[in-house]
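Below is one structure, written out as structure tokens, with a few remarks after it.
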Amino acid sequence: MNTKAGILGVGSYLPEQSYDNFHFEKIMDTSDEWISTRTGIKERRFAKESEATSDLASKAALKAIECAKLNVEDIELIILATITPDMSLPSTACIVQDAIGAVNATAFDISAACSGFVYGVTIAKQFVETGCYKNVLVIGAETCSKFLNYDDRTTAVLFGDGAGAAVIGPVNEGGILSTHMGSDGKGKDCLKVPAGGSRLKASKETVEANLHTIEMAGSDVFKFAVRKMAETSLRALEKANLNTTDIDYLVPHQANIRIIQASSKRLELDMKKVYVNIDKYGNMSAASIPVALDEAYREGKIKKGDNVVLVGFGGGLTWGASVVKWTL
């Protein structure tokens, strides 16, 4: 009998510090009305100076493991999706492994920006279904606030910090029915942090020029996102032999309310079936989908047997969707 992978548990963690749009009115040329009408964002959470991505990730991880009714020692693999790691070396996943005491786990990071969690779920599915690992912890965690340029009002107001996690393991029925992913490196300059890597190493000049902060070509990303969010959802549904009328709930990447609305319209999906929390947290990159998934589950929006679509897009450019028959 073939092993089928599914979601065994979910969890999330948000930093305590919350900043509304009026905070940004005081430090840059913007307004609550401008931010709200263009993005749907009202507030976002920022980590403390002393908090790193691994701190947020560890707390979300422990909640997901508890939800799955497992012990930390049961985790055999940790996949952590992030674009804001604690440091270049070692991987943030290894730091989390040590922090939570997952002594039996292999650990590595992946970098696919806002698509990272879906990429992680896809990788975990293969490992579980081929029998390589039984219980895989997938985490999406970010501290984007530490990589913002407050001279760039179009980008600085968008991002927030947080972490979400899911335990992927064998299920008797349902589970992860299909996934679809894609990448287009021609769009590499649409979303980037230019300095700090081997292309442009850190220096006094790069720091002074704000080249260690997130840069985004907003209009290009918007057009790409609306097209790809719907397209990749349809591809994943097709692989699962389902269509849009079979969707019980959509959990999209929370980047912009207009992108979410436009994508849902293309899928002919009522917004009542779409989870939205961008107003509370802004764009949390790889943490966006797992945080939304955890909240949707705990609020009773997702029920056992539901067909749930997780879909995201991000820098790279990258995109991905997973169709999950909910088993919790």
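Heads up, the Cβ atoms here are built off N, Cα and C, so glycines get one too.
As recorded in Swiss-Prot, the features of this protein are as follows:
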ACT_SITE  CYS114  active site
ACT_SITE  HIS253  active site
ACT_SITE  ASN283  active site
REGION    254-258  region 'ACP-binding'
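Taking the C-alpha positions, the distance from ASN283 (active site) to CYS114 (active site) comes to 9 Å.
Around the Cβ of CYS114 (active site), a 10 Å sphere holds 31 further Cβ atoms from the protein chains shown. For ASN283 (active site), the number of other Cβ atoms no farther than 10 Å from its own Cβ, over all displayed protein chains, is 25.
Here the Cα atom of CYS114 (active site) is found 7 Å from that of HIS253 (active site). Sequence-distant contacts of HIS253 (active site), defined as residues of its own chain at least six apart whose C-beta falls under 8 angstroms from its C-beta, comprise CYS114, SER115, MET229, ASN283, SER288, ILE289, VAL311, GLY312, PHE313, GLY314. When secondary structure is read from DSSP and collapsed to three states, ASN283 (active site) falls in the strand class.
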